[in-house]
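K.L.:
Just dropping this structure here.
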Amino acid sequence: MSDLPLIQADRAVPPPAATTSTGGRRRRLRLLSRTDRVVITLMVLVPLLLVTGFVWLPAVATVLLSGTNWDGIGPLNEIEFVGARNYSDVVNIYPPFVPAIQHNLLWLAALFVVATPFGMFLAVLLDKEIRGSRFYQTALYLPVVLSLALIGFVWQLLYSRDQGLINAVFGSNIDWYGDSNVNIWAVMVASGWRHVGYIMLLYLAGLKGVDPSLREAAAVDGASESRAFFRVVFPVLRPINIIVLVVTVIESLRAFDLVWVVNKGRNGLELISALVTQNVVGEASRIGFGSALATIMLVVSLVFITIYLATVMRENRE
Amino acid sequence: MSRPQSQAEYLARLVPSSVAGINRRSLLAGAAGTGALLGTGLLAGCGDDAGSGGSSKDVSLGSNQSDPKPKDVLAKVTDGFKTSSGVQVAVNTVDHNTFQENINNYLQGKPDDVFTWFAGYRMRFFAQKGLASDISDVWSKLSGYSDAFKKASTGDDGKQYFVPATYYPWAVFYRKSVWQQHGYQVPTTLDQFTALGAQMKRDGLIPIAFADKDGWPAMGTFDILNLRINGYQFHVDLMAGKEAWTSDKVKKVFDTWAGLLPLHQPDSLGRTWQEAAQSLQQKKSGMYLLGLFVGQQFSNDEQDDLDFFTFPEIDPAIGAKALDAPIDGYMMARKPKNEDNARKLLEYFGGKAAADINLKNDPAVLVANSGADVGGYTALQKKAAELVGSATEIAQFLDRDTRPDFASTVMIPAIQQFIKNPKDIDGLTSSIENQKKSIFTD
């Protein structure tokens, strides 16, 4: 939704600027009273300071600290730089790193290939105004209200090997959270359970906004239900699709709470975010090493952010 | 990582950190690498509020005893100090896990005069970094402590930095009724232990209950095997990073463990120690190697049925006299506002009066001071106290005897890897050694 106003603003502003060009702008500046100028300055400065202080400085500090072996103790001027050693350690002698990267990608793939289409499917069903759709809507959206950490706890009651519901009902002996071949899938089911509801709601909102005459026209032209959806409705939903894409990528990158609640991101549930936390948080922390991991995660995120921004900007230009 | 001290604390732990607001904030701050940069964390701020100025009539105490029961016991002890000395104690209680996670920032900010902490490397580390004060003069006034406790309170420079209060030994626990029913005898050698396990298997029991979901319980198994095979001094040196993990001595520990693994409860990586303890309680398992706190999973009328023995001897030249018995106690900040009162408070904490209050009010722990009136102990506590009293050396547990970053980021995944695949001991030990070299650099 965020890119829609941008497009409109783009289209709305230039034409008058082209006719009255510089003269108009100068007059408008003069129209601003002293109070206005103070207010505008503050409105720019305060958020700028906040963003710099709480986003950019820590990000830069993280990158800088990733070149040190600081343990969080002692004055800043005694920090010793070790060059790229942390990075070579991460890649060469830190066993959880490779699984973590794989799991992050797996997470992205699972959300993208399974959970997101399924949420879309549910949204299309609910959009048909079937009987009791309000009930289904609420039931499916409920998990989204819960925090992922709480979801981990809820599913723990189902998954526990000795005392969990699943093994009790089916008489099975599967170690859902402990067996490293199984637990990543078990956790992703729990994560997908929440993600589906989120995506469903986004699409539902989008579908409600589709002009009914489009569907009527498609129906009159003799398009089948699925053809009308994929050829007419889906392209119209483009802004929603982009949001869903971004939400899915963000969700998979920041996946953390769930695995942290289950077993602190160990034994088959390694994720970069969990490794960062394991190393940085706590007594006598490995701030430098953890920062190196965080920097790697930052770089990975930047890839996706760049792709997204490039797409949005190209669209604006068109 | 600390062991939960009570049922309440265990339950409190189940609440995800993101639900408990303050913890989430500190997590996020830490994840961004800012927590440390900001220097004075949440805790430091709290300490500032609670430490009321520099008046000579009070002293501040930072406490991680956030559960109702231990908090209440500590309040009774500080009341006792107030009565005997007239000095007011401002207790600043912080959630147990938050306290540990913020200890770095806390000690570098404006900490309370005295704070709760653990013996072992965790204590020596902060002493060596100059974040705690030498309290040897307090120790010269204390009595009732064995040499083992004094050793556990001593820093690398030979001075004391810690006053022990309570502790709990690790041993092999079992139900008397189950053993009577099958006619089992306490094993004194590894062969007898293995034979007993095989017999239990034939009798339809899981020989050794086992859980390692939280990562730390299996460290107890590694520790005791290492202590029995290589002795206490090797344990200390290995934990201090002075011995190579690739040595044959360490490999023998893993080899022995691999031999015992078939006797352990399977699928341990998805199980909490509480669940494993319940299999002992439900008479499905025959034994469980854990700390004394295993008794929390037994109802009051089952307590008498619980018994234990120390892990049997493996090498006659080493014997079976060393064990893990983590000690909790108190330390003094580097620059206390009320130094005289802080020393007085520590002396009181280490004295008989405080030990008696602890003993009377908290049945889940043992008190370190042997001068305490132990008449109130249960049979199990008495036996545990005797076991530790007869120990030649007391280790503090793997994650308390080594660098915390090494224990949690290297050893927990490594031991879990070993449990998953006990065959690749060479690959495992060389991976540990590589990471150790990178961490133990200063």
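Note that Cβ sites are derived from N, Cα and C of the backbone, with glycine treated the same way.
Sharing the record's features from TrEMBL:
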type	residues	note
DOMAIN	A:101-308	domain 'ABC transmembrane type-1'
TRANSMEM	A:38-57	transmembrane segment
TRANSMEM	A:105-126	transmembrane segment
TRANSMEM	A:138-158	transmembrane segment
TRANSMEM	A:184-207	transmembrane segment
TRANSMEM	A:228-250	transmembrane segment
TRANSMEM	A:287-310	transmembrane segment
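Could you place the listed features in the three-dimensional structure?
P.N.:
Under 8 Å from some Cβ of the transmembrane segment (A:38-57) lie the Cβ atoms of residues 32, all in the same chain and six or more residues away from its ends.
Nonlocal intrachain contacts for the transmembrane segment (A:138-158), taken as residues 6+ away from its ends with a CB within less than 8 angstroms of a stretch CB, comprise 122, 126, 164-166, 176-177, 186-187, 189-191, 193-194, 196-198, 200-201, 255-262.
Long-range contacts of the transmembrane segment (A:184-207) within the same chain, counting only residues at least 6 positions beyond its ends with a Cβ under 8 Å from a Cβ of the stretch, are 103, 106-107, 110-111, 114-116, 118-120, 122-124, 126-127, 137, 140-144, 146, 148, 151-152, 154-155, 159, 176-177, 233, 237, 239-240, 243-244, 247-248, 251, 255, 258-259, 262, 268-269.
Counting residues 6+ beyond its ends, the transmembrane segment (A:287-310) has Cβ neighbours under 8 Å at 59, 62-63, 65-72, 82, 86-87, 89-90, 97, 104, 242, 245-246, 249, 253, 272-273, 275-280 in the same chain.
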K.L.:
Given a Cβ distance threshold of under 8 angstroms, which distant residues of the chain, six or more beyond its ends, lie next to the transmembrane segment (A:105-126)?
P.N.:
133, 136-137, 140, 184, 188, 191-192, 195-204, 206-207, 229, 244, 248-249, 251-253, 255, 271
K.L.:
What parts of the chain pack near the transmembrane segment (A:228-250), using Cβ distances under 8 Å and only residues at least 6 beyond its ends?
P.N.:
1-4, 108, 111-112, 115-116, 120, 124, 195, 198-199, 202-203, 205-207, 210-211, 214-215, 217-219, 304, 308, 311-312
